[in-house]
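Heads up: the structure comes next, in structure tokens.
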Amino acid sequence: MSASRLWAGGPSVPLVTAMNADESINYDALAKQTVRLAKAGLGIVLLGTNGEASHLSNEERRKCTVVVRKALDDNGFKDEPLLVGTGSGSAETTITVTKEAAEAGATHSIVITPGYFSFAMGRDRKAIKDFFKKVFDNSPIPVMIYNFPGAAAGIDLNSDEINELADHPNCFGVKLTCAMIGKGHRIAAYTQSEEFLAKRASNLKNQTVTGQFQVLPGFSESTLPALLSRHTGCITGTGNAIPKTIRKLWDASVAGLKGDANALAEALKLQDRVAEADWTIVKAGIPGTKYFLDHYVEEGLGGPARLPIGSITDDVKKLIEVDLKEAWEYEQSL
């Protein structure tokens, strides 16, 4: 992999997929949102849960990747990596989608545990690990594990299982949307150990900027405590709404934990702010996140979500308009 497109760590954002009123994809808006977030200093994650990837056809997923890669390349971000969600219902289909994503411009892949057969897989832990190992073996790009029980019919990988999978040379990290910092700490402690690095250091240097295995919470509400607990960044849907605030929180947290007392005090205040905004975004869901973009940033950047995700309700609109008003005003001041 080109040294200029290694995964940088730090804060990144899973883009929402902008849509028109008829639920077709608004590719122009997707490109515009990509550039906005890249300029704010966040890494770009495409076609995750926020991107409604499971509601898109393979061709739509391919085109989204082409559009976002071109948007980055045409706007001064040719050296930026692109992490693309390529999870599908089986190992074979996941491998196919991953190869298509790589051809379309993805530099890294993130794969969720398939949940359709959770009634069988949830009890067969070897089958879950074999799924990931087969994907790792056949992916042309480095793969991140995506552990999100809520989107995988309750299947939750534990730290022992993730540490075993981390030994594979084509696995470069894990996103933990299980909201368990302790689990992340155990994974980070192992993957930053001499034992692990003796096996993985050489090829991790060709996958990530720091040469570290990436351990990333799926929320920004825990950025500061997660960083203290050895995590290497975060992937946060709230970054769609307040990317500059997220970036500022990360930078202040890093400086503060290196001994800058003033930066640490600022990070604590920013974490207070972001924790509240993150919780509001969680309550508002994907329709609320899209409405935030349409209401505050630019009409058309979000649009509707595809069924069976419900349409935006008046209560959720009020939540965005009232509870996130101050967060947006602060974002604009940066």
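Keep in mind that glycine also has a Cβ here, set from the backbone N, Cα and C atoms.
What TrEMBL says about this protein:
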ACT_SITE  Y146  active site, proton donor/acceptor
ACT_SITE  K175  active site, schiff-base intermediate with substrate
BINDING   I235  pyruvate binding site
Length of the line joining the Cα atoms of the residue listed as 'pyruvate binding site' and K175 (active site, schiff-base intermediate with substrate), in Å: 7
Excluding its own, the Cβ atoms lying within 10 Å of the Cβ of the residue listed as 'pyruvate binding site' add up to 28
Spatial neighbours of K175 (active site, schiff-base intermediate with substrate) that are distant in sequence (at least 6 apart) but have CB under 8 A: I110, M144, I145, Y146, N147, F148, L216, P217, G218, I235
Ten-angstrom check, please: count other Cβ atoms within 10 Å of the Cβ of Y146 (active site, proton donor/acceptor), all chains counted. 28
